[in-house]
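Per TrEMBL, the features are as follows:
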type	residues	note
TRANSMEM	27-47	transmembrane segment
TRANSMEM	53-77	transmembrane segment
TRANSMEM	89-106	transmembrane segment
TRANSMEM	165-188	transmembrane segment
TRANSMEM	243-266	transmembrane segment
TRANSMEM	278-297	transmembrane segment
TRANSMEM	333-351	transmembrane segment
TRANSMEM	363-383	transmembrane segment
TRANSMEM	395-417	transmembrane segment
TRANSMEM	423-443	transmembrane segment
Amino acid sequence: MEDCVGIKYSSVNEGEERKGGHGVPKVSIIPLIFLIFYEVSGGPFGIEDSVKAAGPLLAIAGFLLFALIWSVPEALITAEMGTMFPENGGYVVWVSSALGPFWGFQQGWAKWLSGVIDNALYPVLFLDYVKSSIPALGGGLPRTLAVLILTVALTYMNYRGLTIVGWVAVFLGVFSLLPFFVMGLIAIPRIEPSRWLEMDLGNVNWGLYLNTLFWNLNYWDSISTLAGEVENPKRTLPRALSYALVLVVGGYLYPLITCTAAVPVVREFWTDGYFSDVARILGGFWLHSWLQAAAALSNMGNFVTEMSSDSYQLLGMAERGMLPEFFAKRSRYGTPLIGIMFSAFGVVLLSWMSFQEIIAAENYLYCFGMILEFIAFIKLRVVHPNASRPYKIPLGTIGAVLMIIPPTILIVVVMMLASFKVMVVSIMAMLVGFVLQPALVYVEKRRWLKFSISAELPDLPYSNVEEDSTIPLVC
């Protein structure tokens with residue numbers, strides 16, 4: 001007996017549908033591409049550390065290689081699983097279906113915490129870019145107030161609707177990439193190809209190098225938590241992921257290739273924000289100012305898209321009965337009101353962390369979540385080979401296993417390179433999830449809070465149910 005007998009997501013089988021069940025317009029392909037772009041990248045801001053850590057040759061080769069062994073597999077898995085389970089909650093639902101609700105909750109906890117830690121970075125980076133023009137924002141009470149004001153303002157944008165966030169992402173994405181395109185054109189006559197070959201293997205900061213590459217090329221799966229808000233996700237999601245992959249990787253390689261060969265490479269200079277100095281050297285003050293403005297605004301794009309993903313993940317978990325029902329409450333604009341408030345509170349709480357601590361901590365938690373995703377992906381392929389997959393990676397089970405071996409090795413390396421402090425804090429954070437899930441189950445049994453599964457969603461049978469191995473999954 002085949003394991004798919006017709007369980008359907010009614011709202012996504014109607015390809016012409018433009019609005020969700022709450023009367024809110026769904027996200028079309030162009031805003032979706034830029035939402036993915038900002039979930040993953042936001043532009044080449046922050047990639048300068050790869051040159052500082054390893055020099056031009058390894059930086060360029062690293063972004064090419066990491067894109068192949070990490071970004072491509074993660075984007076492909078997101079396309080397959082996201083169209084298989086086109087609902088809010090994304091990877092939480094994938095893991096729950098394969099491994100059961102306990103591990104689904106752990107996936108949600110680790111990924112949400114990783115996302116909130118990541119988002120705490122962007123108001124701080126924004127102020128780092130503008131403090132040269134407004135020195136008072138460099139520290140103290142003015143900086144603290146500025147972080148709070150920015151967080152409140154950008155949180156309000158999320159409250160007003162995902163379609164607004166999507167089109168804001170389009171505008172910010174174009175504005176942020178244009179100065180790099182212009183700078184690259186100006187750099188072409190000055191290119192000296194020999195500079196690309198500069199490398200010193202005896203002087204490579206492997207921890208900084210790998211963390212920089214990993215941080216700038218991950219989070220492809222984050223868009224899955226918004227799948228229920230996407231117009232015709234079974235068709236739109238795979239296409240948007242493929243276009244965004246080209247946009248992200250091209251957006252990194254183009255300025256790296258042109259700028260490292262157009263100016264003498266002094267590795268110590270290549271730290272966050274150095275592209276603006278290169279812009280001044282190549283184009284003058286006008287290009288320098290444009291790029292700084294683009295960098296500042298790009299952080300806003302990163303913030304609003306990350307908060308959207310985090311808050312819709314909480315909404316999706318509540319719709320699956322993993323969190324109290326009030327997390328599924330929507331505002332009059334159709335946005336996850338409680339999820340947005342929780343995510344904003346987490347950002348403010350974690351904004352004291354340093355840049356490097358934020359990257360290392362979020363990478364560690366993210367790695368834990370990716371391991372669960374890989375296991376879920378393979379298990380669903382093995383246990384439910386005939387389940388409906390509107391987009392399916394053109395590989396068999398053995399090919400799928402081989403595809404995830406390189407990124408799995410990378411995950412292990414990144415986790416091993418974490419400092420002892422980051423490792424301890426991250427493991428403690430994960431242990432909180434191990435306690436929190438059974439605590440919420442107890443709360444539900446005692447009826448202290450109300451939990452419920454949305455009537456609009458199909459049943460989610462778990463593939464590890466031993467009593468009936470032919471339970472259908474999704475169709």
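Even glycines carry a Cβ here, placed using N, Cα and C.
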Could you tell me whether the transmembrane segment (278-297) and the transmembrane segment (363-383) are in contact, taking contact to mean 3+ Cβ pairs under 8 Å with a sequence separation of 6 or more? no
Residues of the parent chain within Cβ reach of the transmembrane segment (165-188), under 8 Å, 6 or more residues beyond its termini: 27-28, 30-32, 34-35, 37-38, 42-45, 157-158, 251, 254-255, 258-259, 261-262, 275, 278-279, 282-283, 287, 290-291, 294-295, 297-298, 300-301, 304-305, 308
I need to check the long-range neighbours of the transmembrane segment (395-417): which residues 6 or more away from its ends have a CB within less than 8 Å of a CB in the stretch? 66, 69-70, 73-74, 76-77, 206-207, 210-211, 214, 363-364, 367, 370-371, 374, 377-378, 381-382, 385, 423
If contact means at least 3 Cβ pairs within less than 8 Å, sequence distance 6 or more, would you call the transmembrane segment (27-47) and the transmembrane segment (89-106) in contact? no
Let me spell it out: take the transmembrane segment (53-77), skip the flanking residues so only those 6+ beyond its ends count, and list any with a Cβ under 8 Å from a Cβ in it. 40, 47, 195-200, 204-206, 208-209, 212-214, 216-218, 220-221, 241-242, 244-245, 248-249, 252-253, 256-257, 260-261, 265, 267, 370, 373-374, 377, 393, 403-404, 406-407, 410
